[in-house]
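**Q** Here it is: the structure, laid out below.
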Amino acid sequence: MIAVAFLYFLGLYVSKLHCTRVHCHCLQHKPTSIELNSAESPRPVEEKPKRRRLLSLDTFRGFSLTIMVFLNCGGGGYWFFEHAAWNGLTVADLVMPWFVFIIGTSVALAFHAMMKREVSRIQLLRKLTWRTVILLLMGLCFLNYGPRDGPLSWSWARIPGVLQRLGFTYFILALMETFFCLKDLGRYQFGNWWAPLRDIVLYWPEWVIMVILETLWLCLTFLLPVPGCPRGYLGPGGIGDDGKYPNCTGGAAGYIDKLVLGEDHIYRYPTCKELYKTTQPFDPEGILGTINSILMAFFGLQAGKIILMYRQQPLSILKRFLIWAVLLGIISAILTKCTQNEGFIPINKNLWSLSFVTTLSCFSFVLLGIMFYVIDVKNWWGGQPFIFPGMNSILIYVASSLLSTYFPFNWEMKFPNSHAEPLFQTLLGTSLWVLVAYLLYRKKFFLKI
């Protein structure tokens, strides 16, 4: 009933609005693909080009969000829609990294646009700080509250979380762009021997920062002494590794979280708990993994810079996306030795290991490249239905998370041992949220932080 009431009042509220102050100026006309050849025809000086949305990015975001809602609704009870117990990769492990990648691409496009409008750095800092604080508070207040000492007690509240990680990742990337984003890209595009690599060379300070951060992750992960555990331990603890290190879940990552945040404020039900009989809490959105989340977003930022640098040459964009995908795929193969558990650094979503980031970044370049070609270059597809939740991602994500246990998104199963009823419940819940996103789109209502 709570969920029904929420949807009812949301509908009433939206129906009274024709357009919000935020975002609706982009939708006064039907969204079209980005203008790839805008510089080829002369225009009067006084005419301002219309702002064009990158529909493939909205679609990619909505595609990821739809899968996330599907998973939050239960995933039909199938094992491959659950997170991997420790090393390895399932469908459920793909979604959040894609979101992080998309954040990076969005930051590149948004900050370039604001720089062209000559928005001051003070205004940019104010904007990015405000958005970060809102994301952190939304994560803490709405999605993380699970008290054990009473309805108003926070003594056992989890501090890390999905929105917290997204917020902090956004903050670091936006901070870099505030100081290193280039407004006039045209003057760098020709006449230099490094022109084919200008999307990298022109942003060398950001690359230096990322190398420093990744070096820090490697040093802490493999060199930090953890009491009772071998250096560089990446295992699940518990009965894993023949039970030699039962209290070493996550190695340095788990140790840092417990040291800084305390055991009472990190996730107490890690995915390895059931299979490996672990007794230690471990947070998949912990402190150390956030460094690699920033790296994942940085690869998305790189995708955005490629789009900006070569916006008049769609084939060049696609070639560079393919090159990045191949390079990252090769790095992943080397780090993992093409095995689940025997590599130098196995793919691990809980740890956000380096191989996890390179693998998912490879997938992201491929998916965004395909959608960019199909939607923005060839106009073969408008992105429906994924574009609808993609343009209201914060609202749909938070609302679907808050109401995931209420009817009509959830009910007591009559046939819990069959996949039929859980799958129907999951598909119904997911479809309802896509419908909500579509109705909001029709009313031109977009929640924007």
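Heads up, the Cβ atoms here are built off N, Cα and C, so glycines get one too.
Since the structure is predicted, the reported quantities are computational estimates derived from the model, not experimental observations.
For reference, TrEMBL lists these features for the protein:
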- 1-19: signal peptide (SIGNAL)
- 60-81: transmembrane segment (TRANSMEM)
- 96-116: transmembrane segment (TRANSMEM)
- 128-146: transmembrane segment (TRANSMEM)
- 166-186: transmembrane segment (TRANSMEM)
- 207-226: transmembrane segment (TRANSMEM)
- 287-309: transmembrane segment (TRANSMEM)
- 321-339: transmembrane segment (TRANSMEM)
- 351-374: transmembrane segment (TRANSMEM)
- 386-403: transmembrane segment (TRANSMEM)
- 423-441: transmembrane segment (TRANSMEM)
**Q** For the transmembrane segment (207-226), find every same-chain residue at least 6 residues outside the stretch whose CB is under 8 Å from a CB in it, and list them.
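**A** Hits for the transmembrane segment (207-226): 176, 200, 232-234, 248, 251-253, 255-256, 288, 291-292, 294-295, 298, 354.
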**Q** Count, for each of 60-81, 96-116, 287-309, 351-374, 423-441, the Cβ pairs lying under 8 Å from the transmembrane segment (321-339), and report the range with the highest count.
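**A** Of the candidates 60-81, 96-116, 287-309, 351-374, 423-441, 351-374 scores highest.
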**Q** Would the transmembrane segment (351-374) count as touching the transmembrane segment (386-403), i.e. at least 3 C-beta pairs under 8 angstroms with sequence separation of 6+?
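**A** Stretch pair does not touch.
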**Q** Near the transmembrane segment (287-309), which residues from the same chain, at least 6 beyond its ends, have a CB less than 8 A from one of its CBs?
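**A** Non-local partners: 54, 97, 100-109, 112, 160, 165, 168-170, 172-173, 177, 185, 189, 198-200, 203, 206, 210, 213-214, 216-217, 220-221, 252-253, 256-257, 260-261, 317, 320-321, 324, 328, 350-354, 356-357, 360-361, 364-365, 368, 372.
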**Q** What stretch of 60-81, 96-116, 166-186, 351-374 shows the most Cβ pairs under 8 Å to the transmembrane segment (423-441)?
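**A** By the under-8 Å Cβ criterion, the transmembrane segment (423-441) pairs most with 60-81.
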